[in-house]
Amino acid sequence: MKGKFIVFEGVDGSGKTTQIKLLGEKLESMGCPVVYTREPGGTRVGERIREILLNPLYGELVPWAEALLYAAARAQHVAQVILPALREGKVVLCDRFTDSSLAYQGYGRGVDIEMLEQVNRPAAAGVVPDLVLVLDFDREGQTERMARSGRSADRIEREAQEFYRRVRSGYLALAARAPRRYRVIDASRAEKLVHLDVLKAAEEVLDAFLKGNSRA
């Protein structure tokens, strides 16, 4: 694969969408071909699965059903979007990937981590991110802020603070397992400061790729 795969992870409200946009715009200004995508979603099938996963009407979803739906959306996403883009030499910026399943369904819901890894291995089809940016953020008070803004919380966002504390701890544990591939970034700071750290981490991974692209 000629492209690069950068994944943004973190609890809901950590600013992933904003930081993906900022990094993508910077890379595009440098002549880099960028693909923006997300999980669950990114494909027609994946977006329908996303509707089920995030709709509060389906609050009865049990943890394993939730985990398998995420894996199904991921398998479609990898085959239809991620792998083709990487083969074409593009930089794929993805909002969530396999670590979300481990953090949310594993650490958050208590689903066995090893079994989750076994399920997601074929779903990911051997694709491993070149860089995982974990935007570390304390979600305390986020539900109240959302209510004041007038936006209703989705099924996952309605979880209790203790759930999000477990998810956050899970992300930090995952990052500690492979520090060379992960960067934990304090997302509680100003947007511009977070972007500078994101850009620095991305440039370390993309250095040779960017040089090659500039010569093309």
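Cβ from N, Cα, C; glycine included.
What you see is a predicted model, and the numbers here were worked out from it, not measured in a lab.
Taken from Swiss-Prot, the feature ATP binding site covers GLY10, VAL11, ASP12, GLY13, SER14, GLY15, LYS16, THR17. Residues within less than 8 Å, Cβ to Cβ, of LYS16 (ATP binding site) and separated from it by at least 6 positions along the same chain comprise PHE8, GLU9, GLY10, ASP95, ARG96, LEU135.
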ATP site shell beyond GLY10, VAL11, ASP12, GLY13, SER14, GLY15, LYS16, THR17, criterion: Cβ within 8 Å of Cβ centroid: LEU135, PHE137, ALA187
Residue, out of the binding-site residues GLY10, GLY13, whose Cβ gathers the largest set of other Cβ atoms within 10 Å: GLY10
Around the Cβ of SER14 (ATP binding site), the count of other Cβ atoms that are within 10 Å: 24
